[in-house]
Amino acid sequence: MGVILEGKPVAEKLEKEIKEKIEIYKTKGIIPNLCIVKVGENEEAEAYAKSIERFFSRIGINVERKNFAENVSLLEFQKALKELEKNNKVHGILILRPLSEELERQKAFRFLSPDKDVEGITYENLGKLFVGEKCFHPCTPQAVIELLDFYKISVEGKDVVVVGRSISVGKPLSILLLNRNATVTICHSKTKNLEELTRRAEVLVAAVGRPHFIGKDMVKEGQVVIDIGTNVVEGKLVGDVNFEEVKDKVGYITPVPGGIGIITTRVLAMNLLKAVEKNEARN
(Lines of atoms letter the chains of each structure in order from A and count residues from 1; the text may use other names and numbers.)
(Lines give C-alpha, C1' and ligand atoms only; values in the text may rest on other atoms or scores of the structure.)
Protein backbone atom coordinates (compact mmCIF):
# COMPACT_ATOMS: atom_id res chain seq x y z
CA MET A 1 0.00 0.00 0.00
CA GLY A 2 1.21 3.50 -0.85
CA VAL A 3 2.09 6.06 1.81
CA ILE A 4 -0.99 8.06 2.83
CA LEU A 5 -0.20 11.78 2.75
CA GLU A 6 -2.45 12.91 5.58
CA GLY A 7 -3.35 16.59 5.65
CA LYS A 8 -3.76 16.79 9.43
CA PRO A 9 -0.08 17.08 10.45
CA VAL A 10 0.45 19.73 7.76
CA ALA A 11 -2.57 21.67 9.01
CA GLU A 12 -1.39 21.39 12.62
CA LYS A 13 2.02 22.81 11.73
CA LEU A 14 0.49 25.74 9.87
CA GLU A 15 -2.07 26.35 12.60
CA LYS A 16 0.68 26.62 15.21
CA GLU A 17 2.45 29.26 13.13
CA ILE A 18 -0.83 31.11 12.55
CA LYS A 19 -1.71 31.20 16.26
CA GLU A 20 1.72 32.57 17.13
CA LYS A 21 1.26 35.45 14.68
CA ILE A 22 -2.25 36.15 15.95
CA GLU A 23 -0.92 36.43 19.51
CA ILE A 24 1.65 38.98 18.34
CA TYR A 25 -1.10 41.04 16.70
CA LYS A 26 -3.19 40.85 19.86
CA THR A 27 -0.39 42.51 21.84
CA LYS A 28 -0.70 45.39 19.37
CA GLY A 29 -4.47 45.53 19.79
CA ILE A 30 -5.12 44.09 16.32
CA ILE A 31 -7.74 41.40 15.72
CA PRO A 32 -7.51 39.92 12.21
CA ASN A 33 -10.89 40.36 10.53
CA LEU A 34 -12.34 38.55 7.51
CA CYS A 35 -15.53 39.58 5.72
CA ILE A 36 -17.39 36.79 3.93
CA VAL A 37 -19.53 38.04 1.04
CA LYS A 38 -22.45 35.87 -0.07
CA VAL A 39 -25.03 36.35 -2.81
CA GLY A 40 -28.31 34.43 -2.64
CA GLU A 41 -28.76 31.06 -0.96
CA ASN A 42 -26.55 28.07 -1.65
CA GLU A 43 -26.20 25.17 0.80
CA GLU A 44 -22.64 24.27 -0.14
CA ALA A 45 -21.48 27.89 0.04
CA GLU A 46 -23.16 28.32 3.42
CA ALA A 47 -21.59 25.12 4.76
CA TYR A 48 -18.17 26.34 3.60
CA ALA A 49 -18.72 29.73 5.25
CA LYS A 50 -19.72 28.12 8.54
CA SER A 51 -16.68 25.83 8.52
CA ILE A 52 -14.45 28.90 8.10
CA GLU A 53 -16.30 30.71 10.90
CA ARG A 54 -15.83 27.78 13.28
CA PHE A 55 -12.12 27.43 12.56
CA PHE A 56 -11.36 31.16 12.58
CA SER A 57 -13.31 31.66 15.81
CA ARG A 58 -11.27 28.91 17.46
CA ILE A 59 -7.93 30.48 16.56
CA GLY A 60 -8.86 34.08 17.32
CA ILE A 61 -9.84 35.55 13.95
CA ASN A 62 -13.01 37.62 13.67
CA VAL A 63 -15.46 36.90 10.85
CA GLU A 64 -18.24 39.18 9.67
CA ARG A 65 -20.82 38.63 6.95
CA LYS A 66 -22.10 40.70 4.05
CA ASN A 67 -25.14 39.04 2.48
CA PHE A 68 -26.91 40.07 -0.71
CA ALA A 69 -30.14 39.00 -2.36
CA GLU A 70 -29.88 36.90 -5.52
CA ASN A 71 -31.04 39.87 -7.63
CA VAL A 72 -28.45 42.35 -6.32
CA SER A 73 -27.32 44.73 -9.04
CA LEU A 74 -23.73 44.93 -10.23
CA LEU A 75 -23.60 48.58 -9.15
CA GLU A 76 -24.74 47.80 -5.60
CA PHE A 77 -22.30 44.89 -5.34
CA GLN A 78 -19.43 47.01 -6.64
CA LYS A 79 -20.28 49.82 -4.20
CA ALA A 80 -20.28 47.40 -1.25
CA LEU A 81 -16.87 45.99 -2.21
CA LYS A 82 -15.52 49.53 -2.47
CA GLU A 83 -16.75 50.29 1.05
CA LEU A 84 -15.11 47.13 2.38
CA GLU A 85 -11.89 48.11 0.62
CA LYS A 86 -11.87 51.47 2.44
CA ASN A 87 -12.67 49.89 5.83
CA ASN A 88 -9.33 49.47 7.62
CA LYS A 89 -10.93 47.12 10.16
CA VAL A 90 -11.65 44.61 7.40
CA HIS A 91 -8.36 42.97 6.49
CA GLY A 92 -9.55 40.38 3.99
CA ILE A 93 -12.58 39.67 1.81
CA LEU A 94 -13.80 36.24 0.75
CA ILE A 95 -16.43 36.14 -2.01
CA LEU A 96 -18.38 32.89 -1.92
CA ARG A 97 -19.17 31.19 -5.20
CA PRO A 98 -21.43 30.77 -6.99
CA LEU A 99 -22.55 34.35 -7.47
CA SER A 100 -25.76 35.19 -9.32
CA GLU A 101 -25.75 34.54 -13.07
CA GLU A 102 -25.53 38.27 -13.73
CA LEU A 103 -22.58 38.83 -11.39
CA GLU A 104 -20.78 35.77 -12.74
CA ARG A 105 -21.32 37.01 -16.30
CA GLN A 106 -19.98 40.43 -15.35
CA LYS A 107 -17.03 38.81 -13.51
CA ALA A 108 -17.91 40.87 -10.45
CA PHE A 109 -14.94 39.58 -8.45
CA ARG A 110 -12.78 41.92 -10.54
CA PHE A 111 -13.96 44.76 -8.29
CA LEU A 112 -12.33 43.13 -5.27
CA SER A 113 -9.31 44.96 -3.87
CA PRO A 114 -6.13 42.94 -4.64
CA ASP A 115 -4.79 43.87 -1.19
CA LYS A 116 -7.77 42.17 0.48
CA ASP A 117 -8.11 39.30 -2.00
CA VAL A 118 -7.26 36.47 0.41
CA GLU A 119 -8.19 33.82 -2.16
CA GLY A 120 -5.88 35.18 -4.84
CA ILE A 121 -8.61 35.34 -7.50
CA THR A 122 -8.24 38.89 -8.81
CA TYR A 123 -6.56 39.50 -12.14
CA GLU A 124 -3.78 41.45 -10.41
CA ASN A 125 -2.87 38.63 -8.03
CA LEU A 126 -3.11 35.99 -10.75
CA GLY A 127 -0.93 38.13 -13.01
CA LYS A 128 1.69 38.54 -10.29
CA LEU A 129 1.63 34.80 -9.71
CA PHE A 130 2.25 34.25 -13.41
CA VAL A 131 5.37 36.44 -13.44
CA GLY A 132 6.63 35.17 -10.09
CA GLU A 133 6.03 38.31 -8.01
CA LYS A 134 4.95 38.31 -4.37
CA CYS A 135 1.16 38.02 -4.10
CA PHE A 136 -1.72 36.13 -2.51
CA HIS A 137 -1.67 32.58 -3.86
CA PRO A 138 -5.00 30.80 -4.46
CA CYS A 139 -5.64 28.70 -1.36
CA THR A 140 -6.02 25.20 -2.77
CA PRO A 141 -2.95 25.35 -5.04
CA GLN A 142 -0.87 26.72 -2.17
CA ALA A 143 -2.22 23.94 0.07
CA VAL A 144 -0.75 21.42 -2.38
CA ILE A 145 2.63 23.17 -2.15
CA GLU A 146 2.47 23.15 1.66
CA LEU A 147 1.77 19.40 1.63
CA LEU A 148 4.64 18.67 -0.77
CA ASP A 149 7.00 20.75 1.37
CA PHE A 150 5.91 19.08 4.60
CA TYR A 151 6.52 15.59 3.23
CA LYS A 152 9.73 16.74 1.49
CA ILE A 153 8.50 15.74 -1.97
CA SER A 154 10.48 17.70 -4.54
CA VAL A 155 9.01 18.36 -7.98
CA GLU A 156 12.19 19.80 -9.45
CA GLY A 157 12.93 18.21 -12.80
CA LYS A 158 9.96 15.84 -12.47
CA ASP A 159 7.12 15.18 -14.90
CA VAL A 160 3.99 16.54 -13.23
CA VAL A 161 0.56 16.12 -14.79
CA VAL A 162 -2.33 18.30 -13.61
CA VAL A 163 -5.76 17.07 -14.69
CA GLY A 164 -7.96 20.16 -14.64
CA ARG A 165 -7.49 23.72 -15.90
CA SER A 166 -9.76 25.86 -13.72
CA ILE A 167 -8.69 29.41 -12.96
CA SER A 168 -8.92 28.74 -9.22
CA VAL A 169 -6.96 25.46 -9.05
CA GLY A 170 -5.52 23.84 -12.18
CA LYS A 171 -3.93 26.84 -13.88
CA PRO A 172 -2.45 28.58 -10.80
CA LEU A 173 -1.19 25.28 -9.40
CA SER A 174 0.58 24.60 -12.68
CA ILE A 175 2.36 27.96 -12.38
CA LEU A 176 3.40 27.27 -8.77
CA LEU A 177 4.80 23.90 -9.82
CA LEU A 178 6.53 25.42 -12.84
CA ASN A 179 8.12 28.01 -10.56
CA ARG A 180 9.63 25.05 -8.69
CA ASN A 181 11.20 23.74 -11.88
CA ALA A 182 8.71 20.95 -12.52
CA THR A 183 7.94 19.93 -16.10
CA VAL A 184 4.18 20.49 -16.09
CA THR A 185 1.54 19.09 -18.43
CA ILE A 186 -2.03 20.37 -18.07
CA CYS A 187 -4.77 17.97 -19.17
CA HIS A 188 -8.46 18.65 -19.71
CA SER A 189 -11.63 17.26 -21.28
CA LYS A 190 -10.24 17.61 -24.80
CA THR A 191 -6.94 15.83 -24.08
CA LYS A 192 -6.83 12.83 -26.41
CA ASN A 193 -4.13 10.66 -24.83
CA LEU A 194 -5.10 11.31 -21.21
CA GLU A 195 -4.37 7.84 -19.80
CA GLU A 196 -0.98 7.75 -21.47
CA LEU A 197 -0.07 11.12 -19.94
CA THR A 198 -1.31 10.34 -16.43
CA ARG A 199 0.58 7.04 -16.39
CA ARG A 200 3.76 8.79 -17.49
CA ALA A 201 3.66 11.32 -14.65
CA GLU A 202 5.91 11.09 -11.62
CA VAL A 203 3.46 13.36 -9.80
CA LEU A 204 -0.23 13.29 -10.73
CA VAL A 205 -2.66 15.97 -9.54
CA ALA A 206 -6.40 15.37 -9.95
CA ALA A 207 -8.45 18.57 -10.03
CA VAL A 208 -11.14 17.71 -12.53
CA GLY A 209 -14.23 17.78 -10.31
CA ARG A 210 -15.49 14.31 -11.27
CA PRO A 211 -15.83 11.61 -8.60
CA HIS A 212 -13.45 8.64 -8.93
CA PHE A 213 -12.32 9.85 -12.36
CA ILE A 214 -8.76 8.57 -11.89
CA GLY A 215 -8.70 4.76 -11.72
CA LYS A 216 -5.99 2.12 -11.50
CA ASP A 217 -5.47 2.08 -15.27
CA MET A 218 -4.47 5.77 -15.18
CA VAL A 219 -1.68 5.53 -12.59
CA LYS A 220 1.68 3.78 -12.34
CA GLU A 221 3.76 2.10 -9.65
CA GLY A 222 5.44 4.46 -7.19
CA GLN A 223 3.62 7.56 -8.42
CA VAL A 224 2.75 10.53 -6.17
CA VAL A 225 -1.00 11.20 -6.45
CA ILE A 226 -2.54 14.42 -5.12
CA ASP A 227 -6.34 14.40 -5.05
CA ILE A 228 -7.95 17.84 -4.91
CA GLY A 229 -11.47 16.66 -5.71
CA THR A 230 -14.36 17.31 -3.34
CA ASN A 231 -17.43 15.52 -4.65
CA VAL A 232 -20.48 14.38 -2.72
CA VAL A 233 -21.72 10.91 -3.71
CA GLU A 234 -24.61 9.37 -1.77
CA GLY A 235 -23.98 11.75 1.09
CA LYS A 236 -20.25 10.98 1.30
CA LEU A 237 -17.31 13.17 0.36
CA VAL A 238 -15.12 11.51 -2.28
CA GLY A 239 -12.22 12.66 -4.42
CA ASP A 240 -11.46 12.66 -8.11
CA VAL A 241 -9.29 9.58 -7.54
CA ASN A 242 -10.71 6.12 -6.85
CA PHE A 243 -8.74 5.78 -3.63
CA GLU A 244 -9.49 2.12 -2.92
CA GLU A 245 -8.63 1.14 -6.48
CA VAL A 246 -5.26 2.89 -6.74
CA LYS A 247 -3.88 3.03 -3.16
CA ASP A 248 -2.02 -0.28 -3.43
CA LYS A 249 -0.44 0.64 -6.75
CA VAL A 250 0.90 4.16 -6.23
CA GLY A 251 3.75 5.27 -3.98
CA TYR A 252 2.02 8.21 -2.25
CA ILE A 253 -1.57 9.40 -2.20
CA THR A 254 -3.69 12.02 -0.42
CA PRO A 255 -7.02 10.87 1.04
CA VAL A 256 -10.42 12.55 0.63
CA PRO A 257 -11.51 13.67 3.13
CA GLY A 258 -8.46 14.34 5.29
CA GLY A 259 -6.04 15.51 2.63
CA ILE A 260 -5.77 18.86 0.86
CA GLY A 261 -9.07 20.29 2.14
CA ILE A 262 -8.02 20.65 5.78
CA ILE A 263 -4.85 22.48 4.69
CA THR A 264 -6.75 24.92 2.46
CA THR A 265 -8.52 26.67 5.35
CA ARG A 266 -5.16 27.17 7.06
CA VAL A 267 -3.76 28.75 3.90
CA LEU A 268 -6.76 31.09 3.87
CA ALA A 269 -5.85 32.15 7.42
CA MET A 270 -2.21 32.63 6.38
CA ASN A 271 -3.31 34.86 3.51
CA LEU A 272 -5.48 36.88 5.87
CA LEU A 273 -2.50 37.51 8.15
CA LYS A 274 -0.51 38.69 5.13
CA ALA A 275 -3.39 41.08 4.40
CA VAL A 276 -3.14 42.37 7.99
CA GLU A 277 0.55 43.08 7.36
CA LYS A 278 -0.32 44.97 4.16
CA ASN A 279 -2.93 46.99 6.01
CA GLU A 280 -0.49 47.90 8.80
CA ALA A 281 2.15 48.91 6.26
CA ARG A 282 -0.32 51.27 4.55
CA ASN A 283 -1.34 52.86 7.83
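Easy rule for this one: first residue shown is 1, then count along the chain.
Placed from the backbone N, Cα and C atoms, the Cβ positions cover glycine too.
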Going by Swiss-Prot, Gly164, Arg165, Ser166, Thr230 bind NADP(+); tell me which of Ser113, Ser189 is listed for that site too.
Ser189
Do any residues at least six apart in sequence from Arg165 (NADP(+) binding site), in the same chain, have a Cβ closer than 8 Å to its Cβ, and if so which, in order?
Lys171, Ile186, Cys187, His188
Does Gly164 (NADP(+) binding site) have same-chain partners at least 6 apart in sequence with Cβ under 8 Å from its own Cβ, and which are they?
Gly170, Ile186, Cys187, His188, Val205, Ala206, Ala207, Val208, Gly209, Ile228, Asp240
Across all chains shown, how many C-beta atoms besides its own are within 10 angstroms of the C-beta of Ser166 (NADP(+) binding site)?
16
Which of these binding-site residues has the least crowded Cβ, counting other Cβ atoms within 10 Å: Ser189, Thr230?
Ser189
Distance in Å spanning the most remote Cα pair of Gly164, Arg165, Ser166, Ser189, Thr230, given for NADP(+):
18
